[in-house]
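A.B. asks: Below is one structure. I have some questions about it.
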């Protein structure tokens, strides 16, 4: 590790092979917690590159648990977290609506690292087994069209990184890697990103990983979700081309919702918010959800525009389809 630390301290980027070799050692528990923390902090200070992110993703996928069935049409809408917005679990709520729209959702997630409640914490309150076996996950993806992919189950060696991440308590390259290291080879992706300046780097990584189409979204104040105030910036990967765009709530004909209106709470409180949205109860939470679902339908290609996606999201919530997806997942992912 000494040579690696020297290179990082000189602000020299690492190659994919170098990073993959380091993470192979980390995932075999051959690197101390203090060294892992130093490595993550060093990359953050230096600035992460596409090659470094890809190297970690490759290492994680090579150590990941494999599902017994192969799915080639799946999507994930997991974000990086780490935006310090303390909003409710937007992408977790949105995934049920996206699944109701006919998209096979392999929703990755974890327990809370830097917020009150991670997606795993909320789903656990709702009776979903976040530590379900690969066989059950395959069944859920097949029968429900939706499964929650718990990082600690599919990436058991991640337990060697967790303590260092918890000790640092700030976003690191692992926040970027998490949504990209889905054990399934995703066809499409919506990824929330807490730093707008990293969008192009992440888009290049996603392209290297073979995604057909993807959107990387950063909301106002560097939220890792789209929001109904200020300007949202997204990078679109489509047909091998990468382009950046912006939009506001006004562009979509929607009402303004301040960040303070979508604050979440602990896992139990966020589970109640999720249920209220899927029951179509009018609120800022509902409006923010349909915005992000609309963006998800656009990212997948199911909607030609974000506005069309928002309209589809409203229909799927209003007719109970999204709530039914939750009920079915509660029956299968147990």
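Each position is counted from 1, following the chain as shown.
Positions of Cβ are set from backbone N, Cα and C atoms, glycine also.
This is the feature table in Swiss-Prot:
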BINDING   79, 82-83, 87, 89-92, 107-115, 119  5-phospho-alpha-D-ribose 1-diphosphate binding site
BINDING   79, 110  anthranilate 1 binding site
BINDING   91, 225  Mg(2+) 1 binding site
BINDING   165  anthranilate 2 binding site
BINDING   224, 225  Mg(2+) 2 binding site
A.B. asks: Between the Cα atoms of residue 224 (Mg(2+) 2 binding site) and residue 79 (5-phospho-alpha-D-ribose 1-diphosphate binding site), find the distance and write it as a whole number of Å.
C.D. replies: 6
A.B. asks: Select the most exposed residue of 79, 87, 108, 111, 224, where exposure means the fewest other Cβ atoms within 10 Å, treating these as the binding-site residues.
C.D. replies: 111
A.B. asks: So among 110, 165, 225, all listed as binding-site residues, which is physically nearest to residue 79 (5-phospho-alpha-D-ribose 1-diphosphate binding site)? Use the C-alpha atoms.
C.D. replies: 225
A.B. asks: To the nearest whole angstrom, what is the C-alpha distance linking residue 111 (5-phospho-alpha-D-ribose 1-diphosphate binding site) and residue 225 (Mg(2+) 1 binding site)?
C.D. replies: 18
A.B. asks: For residue 110 (anthranilate 1 binding site), list the number of other Cβ atoms lying within 10 Å of its Cβ atom.
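C.D. replies: Total other Cβ atoms inside 10 Å, all chains included: 22.
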A.B. asks: Looking at the binding-site residues 91, 165, 225, which one has the fewest other Cβ atoms within 10 Å of its own Cβ?
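C.D. replies: Comparing Cβ neighbours within 10 Å for the binding-site residues 91, 165, 225, 165 has the fewest.
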A.B. asks: Compare the Cα of residue 91 (5-phospho-alpha-D-ribose 1-diphosphate binding site) against each of the binding-site residues 110, 165, 225 and report the nearest.
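C.D. replies: That would be 225, the closest of 110, 165, 225 to residue 91 (5-phospho-alpha-D-ribose 1-diphosphate binding site).
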A.B. asks: Specify the nearest of the binding-site residues 87, 108, 110 to residue 225 (Mg(2+) 1 binding site), where nearness means the distance between Cα atoms.
C.D. replies: 87
A.B. asks: Sort the binding-site residues 87, 108, 110 by C-alpha distance from residue 165 (anthranilate 2 binding site) and give me just the closest.
C.D. replies: 110
A.B. asks: Going by DSSP, is residue 91 (5-phospho-alpha-D-ribose 1-diphosphate binding site) sitting in a helix, a strand, or coil?
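C.D. replies: In the DSSP reduction, residue 91 (5-phospho-alpha-D-ribose 1-diphosphate binding site) maps to helix.
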